[in-house]
Amino acid sequence: MAELDTLDLVVLAAILFGTVAYFTKGKLWGVTKDPYASSLAHASSAKAGKTRNIVEKMEEQGKNCIIFYGSQTGTAEDYASRLAKEGKSRFGLETMVADLEEYDFDNLDTIPDDKVVFFVLATYGEGEPTDNAVDFYEFITNEDVNFTEGNEPALGNLNYVTFGLGNNTYEHYNSMVRNVDKALQKLGAHRIGDAGEGDDGAGTMEEDFLAWKEPMWKALAERMGLEEREAVYEPVFSIVEREGLTKESPEVYLGEPNKMHLDGTAKGPFNAHNPYIAPIAQSYELFSVKDRNCLHMDIDISASNLNYQTGDHIAVWPTNPGEEVDRFMNVLGLSEKRHTVVSIKALEPTAKVPFPTPTTYDAIVRYHMEICAPVSRQFLAQLAAFAPDAEARAEMTKLGAEKDYFHEKISLHHLNIARVLDIVGKGQKWTNIPFSAFIEGITKLQPRYYSISSSSLEQPKKISITAVVESTQLPGRDDPFRGVATNYLLALKQKQNGEPEPCPFGLSYELTGPRNKYDGIHIPVHVRHSNFKLPSDPSKPIICIGPGTGVAPMRGFIRERVQQAKNGEKVGKTLLFFGCRKSTEDFMYKNEWQEAKEILGDNFELITAFSREGPKKVYVQHRLKERAEEINQLLEQKAYFYVCGDAANMAREVNTVLGQIISEQRGIPEAKAEEIVKNMRSSNQYQEDVWS
C-alpha cells in the first residue's frame, strides 16, 4: 500500500472536518437560540452563577420587598405570588418572590430597614419544615445562629411579615411559622402585623389568608409610608403566538416537564423537578362493589436510579381530564387555538415561567394548571374587570367581596374556574381575560403523594400504591366532585386490564402522554422520603392502626417483617388494627394477612373493625380500647405505635384512646398519661402518616 505524504494527510483531514461540521450543524454548533424559550432544562431551580445573597439580589433588581415561601404542595408558593402581585398593584412595592432553598440567610442582618421580608411558610407532616425550607429553618432556629455583622440585637434592622399554612388536626399545628416568628422576635426583628395562620384542617385556609392580609397591608403601609392606589392588572408574563411553529415542531413542548424529556434523554436524579416515566407492572381492583373503587398498582423503577425505603411516599404526576380541559378552552374562546404554539416570557426579571416553552395552550392547561381545583374568592374579584357584560361583572364583584355569598354559591359545590365562568357568564365566552392572568392566578398542577404500600426489603425495584378513587357527591352539583389523580390512575388500570376505551365515570385522559411518551402504560413519578419508619431492631413489638387506605404503609411494614422472618431474623409481636365497611366489600388484602399469619405465627395478629356489619358502628379505636391490657403491656416493652389515615377524626380519637388506656391500666391521672403519649411522639415511638 502506498504511503500518504504530508499534503495528502492535510487534504484528508480538511475533508473529514468539513463532513463532520456539515452533519453536526444545528446539533453541536450553529444552534439558533430561541429568544422566548424556557426549557427548565436542568430540572432544577438553582442556576449556575446565580447569587445566593439576598441583599445583592434585591439591589440588583431594584426590589424593596422579597417574599420567601416554604411550600410542599404549591399553596404557599401561590400565596407568595398573590402577595407579590397585590403589593405591587395596590401599594407600588417593588416585589419579588423567592424560594427559600435558593438563598443564604447569614446576611439577613444587612437588609436595610426601608425594605421588608415576607415569610410564607407551610408546616409539613408532624411539625416539619417543607423540603425547600429545611436549611433556612435549621439556620434561623439554631441557638448559636451567626450573622455577618455581629449586631446587637442581631436582626434589629429587619422588618418582616409572616403567614403560616397548617392543619389543626396535627399536633404541631402551624409550628413552622410559630417557631420562625419566635426565633426572629428573639433576634430582635420587627414583625409588621399579626403572624397569620391558615387552617386547612378546618377548611378555612383561603378565608384565613384573606382576613389576615387586609390588616397586614394597613400596618405595612403605615410602617413604610406607602399610599394605596387603585389596583390595575399588570401582567407578569407576555404571551407570544409563534406563527413559524406547530405542535409537530420538535422544539415545542407538548407536556414534557423539561428539555431532557423533550429530547428523549431523561435521566436522574429523578425528583420533584424531574419525574421518572415508570411502567406500571400490574394493577387491579381491591373492592368488590360497583359504586366504589380502590386500586392496587405496582410501579416498576428497575430501569431508573430511584430507590425507596419502606414507609416512604411516591409522587404521581397527574394530567387533567379531557372534559375539564375542553370546558376551560371553550369558556375562554380558545377551542380553535388549543394547538397554537405560544412562548411565555417573564416581563419581570425575578418572575419564573412555571413550565417550559414554546408550548401550546392545550399542553399548558392539560399538564401544568390545576384547572380542576376549587377557585379562590380573590381570583374571582380580579377577573371581574374582564367580564363579558355588566351583569356578569356585578356577579363576579359580589362573589369576590362577600364571603358568605361566595361560600353558598361556589365553595359548597367545589366549583373550578371554568365552571364558575360558565355559570356567571350564562354560557358567554370570556375572551377579554389575558391568558397571563390564568398562569399567575391558577396554581401549577402538583404531584399527588401516596404512602408506599410495599417493602423495599422484599421488592426494592417495585413500588406499590394503594389508592381509593375519589368521587364525592355534593349538593347542588349534577356530577360528583372527582379527584384528578385517582381517576387518572383508574383510567390507566382500565386500559391495562383490557378496556378498549378507558373512560372512568365519563372522564377521558391523554394516557399515552405527550408525543406518546407514556404509551405502554407508563406514569411520571418520583419518591419522597419519609420519617414514618419501622424500628431498626425487628424484634421490637409494633402496633399498627390503619383503617381503609391507611393500611397502605402498614402493608409495607408487615411484608417487611415477613421478609425479615424468612431471612432468619427474630421478629417482634406485630398487631394490625384494620377497619372498613364490610368484610364482603372492602376488606383489602384479606388473603395477604393470612399468608403473613402463616409465616409470623403468633407474632402477627389482625384485629378487624367492620363498621357496617353489626347493630352499631365499630371502628378501630373501639377495637383498640377492647385490647387495653395487651396494648399497655406492649407499650411497657417499648412497642412502636403507628397510625395512618384520616387525621381529623380517626387519628385524633386513637390518640385520645391511647391516653385513656395508659391512664386506666397504670392507675395514673389522664393528664400524666397524655404526657406519656406526648413523649412517645417526641421520641418517635408514636408515629403518624395522616391526611385531612
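Here the Cβ of each residue, glycine as well, is placed from N, Cα and C on the backbone.
Please treat TrEMBL annotations as automatic predictions, because they have not gone through curation.
The feature FMN binding site is assigned by TrEMBL to 71-76, 122-125, 165-174, Asp200.
What TrEMBL records for Arg292, Thr549, Ser611, Arg612, Lys617, Val618, Tyr619, Val620, Gln621, Glu653 is NADP(+) binding site. The C-beta environment of Ser611 (NADP(+) binding site), restricted to residues of the same chain at least 6 apart in sequence and closer than 8 Å, consists of Gly579, Cys580, Arg581, Lys617, Val618, Tyr619.
Around the Cβ of Thr466 (FAD binding site), the number of neighbouring Cβ atoms within 10 Å comes to 25. Taken from TrEMBL, the feature FAD binding site covers Arg448, Tyr449, Tyr450, Ser451, Thr466, Ala467, Val468, Gly483, Val484, Ala485, Thr486, Trp691.
Marked as domain 'Flavodoxin-like' by TrEMBL: 65-217.
What TrEMBL records for 273-535 is domain 'FAD-binding FR-type'.
Sequence annotations record features per position, and here TrEMBL assigns transmembrane segment to 6-24.
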### Message
On a simple 10 Å Cβ count over all chains shown, which one of the binding-site residues Ala122, Val468, Val484 is most densely packed?
### Response
Ala122
### Per-residue Cβ crowding (10 Å cut-off), top of binding-site residues Tyr170, Tyr173, Tyr619
Tyr170
### Nearest of the binding-site residues (Ser71, Gly74, Ala122, Asn167) to Arg448 (FAD binding site), judged by Cα-Cα distance
Gly74
### Task
Tally every other Cβ atom lying within 10 Å of the Cβ atom of Tyr450 (FAD binding site).
23
### Query
Can you tell me how far the Cα of Ser71 (FMN binding site) sits from the Cα of Tyr450 (FAD binding site), in Å?
18
### Cα distance (Å, whole number) from Tyr450 (FAD binding site) to Tyr173 (FMN binding site)
22
### Task
May I ask for the distance between Gln621 (NADP(+) binding site) and Asn167 (FMN binding site), taken between their Cα atoms and rounded to an integer number of Å?
22
